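Trainee: To start, I am sharing the structure in question, which I have written as structure tokens.
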């Protein structure tokens, strides 16, 4: 598979290149603040950079008819509309978290909340001091799995890649469910799984859950 990275020189960009190269995939497109280096035609473009970069990413995907794996957070409606339009021409996977564990947790929460429907629920998320958006896209994703609005507490400290705790409470007992990303590698592994999934797919919007669970 030939692939491109938007945000190539960033921390996630470097992690993505490392994981993809270990699987023998060829990097043919590099995009960062210094410009664009085009070495070939990618099958898939991976972008974990910023919402501001999305117009250029969309332009490149259209140019090369390349699928898009998008892990950028803090997207606005205008960005989502760009993706909907792009998905008419190429396959797209967009997710706020490419950790397989988080997406398994999301599915689990959607079932658990049916049993604990009268319990209090709150979410606590912790990320590194450089993360700009709060609450995190992942916390919002987990809230959506609960099917209702719940309090979300955001901490920005040190170099934490990502901790999410969902707390259920009732009189006399609590349940805490925690997911911890130990390194950014987990997100790069998820991006790889999504990129390989997209190769040969028809145009359209695909969820990361479809990548993991198939058509279930």
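Note: Cβ is positioned from N, Cα and C throughout, glycine not excepted.
Reproduced below are the annotations present in Swiss-Prot:
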type	residues	note
BINDING	7, 8, 9, 10, 11, 12, 71, 72, 73, 95, 96, 97, 98	NAD(+) binding site
ACT_SITE	127	active site, proton donor/acceptor
BINDING	128, 137, 138	(S)-2,3,4,5-tetrahydrodipicolinate binding site
ACT_SITE	131	active site, proton donor
Trainee: Can you tell which of the binding-site residues (9, 73, 138) has the fewest other C-beta atoms within 10 angstroms of its C-beta?
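Mentor: Looking at the binding-site residues 9, 73, 138, the Cβ with the fewest others within 10 Å is that of 9.
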Trainee: Around the Cβ of the residue listed as 'active site, proton donor/acceptor', how many other Cβ atoms lie within 10 Å? Please give the count over every shown protein chain.
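Mentor: So the Cβ neighbour count for the residue listed as 'active site, proton donor/acceptor' comes to 25.
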Trainee: Through the lens of DSSP with three states only, how would you label residue 127 (active site, proton donor/acceptor)?
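Mentor: Assignment for residue 127 (active site, proton donor/acceptor) reads strand.
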Trainee: Where's the emptiest Cβ shell within 10 Å among the binding-site residues 7, 137?
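Mentor: It is 137 that, of the binding-site residues 7, 137, has the fewest other Cβ atoms within 10 Å.
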Trainee: Other than 128, 137, 138, which residues of the chain come within 8 Å of the (S)-2,3,4,5-tetrahydrodipicolinate site, judged by Cβ distance to the Cβ centroid of those residues?
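Mentor: Those within range, site residues removed, are 73, 96, 97, 125, 127, 131, 133, 136, 139, 162.
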Trainee: According to DSSP, which of helix, strand or coil covers residue 7 (NAD(+) binding site)?
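Mentor: The residue in question, residue 7 (NAD(+) binding site), is coil (DSSP, three-state).
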Trainee: So among 7, 11, 71, 96, all listed as binding-site residues, which is physically nearest to residue 128 ((S)-2,3,4,5-tetrahydrodipicolinate binding site)? Use the C-alpha atoms.
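Mentor: So, of the listed binding-site residues, the one sitting closest to residue 128 ((S)-2,3,4,5-tetrahydrodipicolinate binding site) is 11.
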Trainee: Please report the Cα separation of residue 137 ((S)-2,3,4,5-tetrahydrodipicolinate binding site) and residue 96 (NAD(+) binding site) in Å, rounded to an integer.
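Mentor: Distance between the two Cα atoms comes out at 5 Å.
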